[in-house]
Amino acid sequence: MVCYDQENVSFFYNMSKKNISERWQTKDYVMVSLGLLVCAFVIFANILVMLAIFMNRRFHYPIYYLLGNLAAADLFAGISYMHLMFHTGPWTIKLSVHQWFVRQGLIDTSLTASVINLMAIALERHQTIFTMQLHSKMTNHRVVLLIVGIWLIAIVLGLVPSMGWNCICDIQQCSNMAPLYSRSYLVFWAVLNLLTFTVMVAVYTRIFIYVRRKTHRMSQHTSQVKHKETVVNLMKTVVMILGCFVVCWTPGLVLLLLDGLCKSCDVLTFEKFFLVLAECNSFMNPIIYSYRDKDMRVTFKRILCFPCLGWQQKDEHSGVRFNTLEQERRRRVLQEAWVVCRFTCI
């Protein structure tokens, strides 16, 4: 077995027939400009989400900690992609093998952390909705362990190629899209993300069926119009969550599978556009998971207008007590309605 660990990046690109531009071309300027624009949106949006969760005590609950961690992962994705933009095109030829692995490892780690966070949020919502709690009973200690676990998995998956799962010693297995990566690793990474998406589909489908049944029972205490509106909002939320993931991730994952399984397939024509599309998921996540929350929007306005407006906190709960059996039944119905509303609006 011959290893080519002393070769430069150009050697592997030439072997994979992936050309490195020696001069800046129009398409290079377009891709870098588009990439930096996406990065700017990603970084700004996710910093805003993290600040809101940190500053507002109403958001000091497990679901919001997970949303904050998702924002951190997407922020990291924005920074990693910005780093890529300044080390792509004609700049690629100047990279050492180690620098190339660092560039790709940052992207892999950040995107993996983002995807795993999405699944963790889906599972947390499933647990909260099915127990009909206002907030998850998960302790802060468990949330911290979950967040640490997410990042450990993401970091390991980002480091695996540089630690040996590459094609430096098996040049025939080099991929076309990532010339130093083994085709088998790309297939593994793509299948792992597709499995994550499958879990999310199953979880949100079960949530939708359960909440629809609950709202049908609750319709005895509310108008049919309100019941229909709740179901429609629920459908919109589920479609937005899964639809955004499909639109942003499916093209890139399919391309990775083709690169890993089909040596003769042309996967280089749209690879950069599909990578930008996957990165777009990192600024769509704050819109879907945070900006649709009314309390979040109010907090964002206070942060952006902080020099003009004073920071005021309002009590989250009215403090009303229910003593009779009828009042307790009404309280239970209102609590269920609140949980359903939180799912359909966040």
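Each Cβ is built from the backbone N, Cα and C atoms, and glycine gets one as well.
Residues 60, 64-65, 67-68, 71-72, 74-75, 77-79, 81-82, 84-85, 88-89, 272-273, 276, 279-280, 282-283, 285-287, 290, 296, 299-300, 303-304 of the same chain lie 6 or more positions beyond the ends of the transmembrane segment (29-54) yet place their CB under 8 Å from a CB of it. Residues or ranges marked as transmembrane segment by TrEMBL: 29-54 (among others).
The domain 'G-protein coupled receptors family 1 profile' annotation in TrEMBL covers 45-289.
Residues or ranges marked as transmembrane segment in TrEMBL: 66-86 (among others). Long-range neighbours of the transmembrane segment (66-86) within the same chain, counting only residues 6 or more positions beyond its ends whose Cβ lies under 8 Å from a Cβ of the stretch, are 32, 35-36, 38-39, 42-43, 45-47, 49-50, 53-54, 59, 103, 106-107, 109-111, 113-114, 117-118, 120-121, 124, 143, 146-147, 150, 154, 279, 282-283, 285-286, 289-290.
Annotation comment: TrEMBL describes 106-123 (among others) as transmembrane segment. Through the fold, the transmembrane segment (106-123) approaches residues 63, 66-67, 69-70, 73-74, 76-77, 79-81, 83-84, 146, 150-151, 153-155, 157-159, 161, 189, 193, 196, 199-200, 203-204, 241, 245, 249, 278, 281-282, 285, 289 of its own chain, all at least 6 residues removed from its boundaries and within a Cβ separation under 8 Å.
For the transmembrane segment (143-165), the list of distant contacts is 62, 65-66, 69, 73, 98, 101-102, 104-106, 108-110, 112-113, 116-117, 120, 180-182, 184-185, 189, 192: same-chain residues at least six beyond its ends, Cβ to Cβ under 8 Å. The annotation transmembrane segment is assigned in TrEMBL to 143-165 (among others).
According to TrEMBL, the feature transmembrane segment maps to 185-211 (among others).
The feature transmembrane segment is assigned by TrEMBL to 231-258 (among others).
Summarising the annotation, TrEMBL assigns transmembrane segment to 273-291 (among others). Within its own chain, the transmembrane segment (273-291) is flanked in space by residues 31, 34-35, 38-39, 41-42, 45-46, 48-49, 52, 67, 70-71, 73-74, 77-78, 81, 111, 114, 118, 121, 240-241, 244-245, 247-249, 251-252, 255, 297, 300, 346, which lie at least six positions past its ends and keep a Cβ under 8 Å from the stretch.
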